[in-house]
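Novice: Just dropping this structure here.
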Amino acid sequence: MATPVALLSESVLGWSIFTVVLLVILAFCWVYIRKYQSRQESEVISTITAICALAIALITSALLPVDIFLVSFMKHPNGTYKEWAANNETRVQIEDTVLYGYYTLYSIILFCVFLWIPFVYFYYEEKDEDNNNKCLQVKNALKYTIGFVIVCSALLLIGTFVPLASPPNQNSTQWQKVQYLFEELGSSHGLAALSFSISSLTLIGMLAVITYTAYGMSVLPLNLIKGTRSVLYERLENTEDTEEVERQIDKLKAKCADGRPLSMRDRRNLQDLEDKLQLLHRRGRHLEIAERNCCNKVGSALRPMKILLGVFFILVALLFFVTLFISNLDKALHSAGISTGFIIFGTNLTNPLNELLLALQPVFPLDYVLITVITMYFVFTSMAGIRNMGIWFFWIRLYKIRPQRTRPQALLFLCMILLLIVLHTSYMIYSLAPQYVMYGSQKYLLQTPLPTAVPSQSNRSATITKICDADAPEDQCTVTRSYLFLHKFWFFSTIYYFGNWAFLGVFLIGLVVSCCKGKKSVIEGEVDADDSDFSDDEYVH
């Protein structure tokens with residue numbers, strides 16, 4: 001009777017923590033979206049879609065620590081299986097539960113990215129065109145969404161028939177081990193199709209991480225440390241600029257006081273000056289509001305705390321940088337090479353974050369908290385990067401992300417980007433802590449011969465405890481389903497590996513750029529020349 005009770009208690013503990021995190025995630029997503037959505041253009045369907053999409057992404061990341069916890073808690077610290085996990089069928093049943101969770105969440109992600117979010121986006125675009133016919137709006141939105149459905153179907157079809165064949169010039173021993181690990185996951189064509197589609201989305205997420213997260217990791221802490229410019233100084237500077245522009249306008253208008261028309265060049269200069277004057281007046285209104293804003297006054301009082309938080313964030317960013325560099329260097333030196341996706345079993349170089357997670361894992365849920373903090377850190381730094389850069393398509397800026405003034409379409413774009421970014425964080429966390437993500441804190445028993453001077457006693461051996469790695473017997477270590485899901489296709493792992501190097505490079509560039517920039521304005525991003533009057537009035541009133 002003890003075995004089922006122990007099994008139930010271990011499972012309930014892991015899933016109870018997951019449920020608590022789930023509720024926290026839902027609350028966070030609601031507050032996050034409500035903070036940035038436009039107050040006058042808010043749309044119920046786009047708000048709900050954005051909240052659900054972001055929640056699904058974060059929940060998927062929250063499942064990773066549960067996966068690691070379950071494979072780790074099957075064993076005692078001495079390397080033996082616990083009584084309730086001694087049966088291989090029981091272990092498979094537990095891991096299948098996690099696998100079904102990944103199946104469900106990844107399927108929902110595909111549904112959101114390729115069907116639901118595009119449909120809501122195009123539906124709102126049709127609404128913007130003053131189309132009051134609901135049926136026609138739905139019809140046109142579905143027409144545009146079909147293209148995304150075709151892409152999704154193509155990815156699923158390709159994933160179904162892409163074989164996991166051995167690439168040329170591979171290390172046969174390593175590759176045989178890789179094949180065995182994937183056989184553990186099963187050979188279902190449905191799984192292969194889903195894994196291929198998710199890996200394709202993760203590639204897009206990798207590009208978003210390289211673009212937004214790498215820059216955000218440098219700009220967020222440095223902005224906290226540097227702070228903002230003084231509101232009083234900015235108002236004085238804005239007043240002086242306004243007076244100077246008004247003098248230039250009066251000077252140009254004086255040229256036509258006697259009825260003579262202005263030249264083409266003067267008319268163009270006059271128009272530019274009037275536009276600049278309008279922008280300065282708007283800046284003045286925003287600065288006046290900022291001066292009266294209680295939040296800015298509280299922020300000034302909390303300045304020391306912001307500096308400490310900025311120092312903490314930059315230290316965390318540097319820790320990630322060093323850890324990722326060591327992990328990539330380890331793969332370059334000790335993996336089977338590009339032909340196997342730079343897959344490596346265990347760690348050969350000391351990895352600080354991996355060691356920290358392994359140390360915290362036995363005291364559950366400390367490792368769960370740390371993984372959640374890492375995921376949230378990626379989200380916050382990604383959001384900082386997106387807000388500073390905006391949403392771009394090549395060299396064209398599509399949308400700006402600003403508190404209480406973000407359009408519904410921009411919110412949908414924002415959540416899709418964050419969804420893809422969080423999707424890629426599963427591989428990023430593996431890169432930061434490969435041993436932890438693959439095996440958790442599992443250990444196994446190894447028989448080693450004892451040296452002896454007496455030939456008749458040469459068969460004596462001792463049992464030692466080792467951390468699970470590729471050399472462990474097949475029935476002694478269980479690999480997390482997350483690792484297998486993300487590494488089923490070796491060529492994706494190869495691209496992820498080079499993407500990590502690009503991430504490190506962009507982070508260094510962003511760090512240099514952020515250091516060279518001065519303090520940002522207290523109304524940074526609130527007033528731009530290409531803003532509409534409607535957008536400005538929404539903020540002021």
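From the backbone N, Cα and C atoms, a Cβ is placed for every residue, glycine too.
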Novice: Report, based on Swiss-Prot, whether V92 and L220 occupy the same side of the membrane.
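Specialist: Opposite sides, per Swiss-Prot.
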Novice: For N348 (N-linked glycosylation site), write down the residues of its own chain that are at least 6 apart in sequence and whose Cβ falls under 8 Å from its Cβ; none is a fine answer.
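Specialist: Within the chain, N348 (N-linked glycosylation site) has Cβ neighbours under 8 Å at D330, L333, H334.
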Novice: Non-local Cβ contacts of N78 (N-linked glycosylation site) (under 8 Å, 6 or more apart, same chain)?
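Specialist: For N78 (N-linked glycosylation site), the qualifying residues are K443, L445, T465.
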Novice: Can you tell me whether DSSP puts N78 (N-linked glycosylation site) in helix, strand or coil?
Specialist: coil
Novice: Please indicate, using numbers and ranges, the residues of the same chain that are 6 or more beyond the transmembrane segment (489-509) and have a C-beta under 8 Å from a C-beta there.
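Specialist: For the transmembrane segment (489-509), the sequence-distant neighbours (Cβ-Cβ under 8 Å, at least 6 residues beyond its ends) are 162, 164, 167, 178, 195-196, 199, 202-203, 206-207, 209-211, 213-215, 217-218, 317, 321, 324-325, 327-328, 331, 338-343, 427-428, 431.
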Novice: Look at every Cβ pair spanning the transmembrane segment (51-71) and the transmembrane segment (307-327), keep those 6 or more apart in sequence, and say whether at least 3 of them are under 8 Å.
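Specialist: With fewer than 3 qualifying Cβ pairs, these stretches do not touch.
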Novice: Please count the residues of the topological domain 'Cytoplasmic' (387-409) that DSSP assigns to helix (H, G, I), strand (E, B) and coil.
Specialist: 5 helix, 8 strand, 10 coil
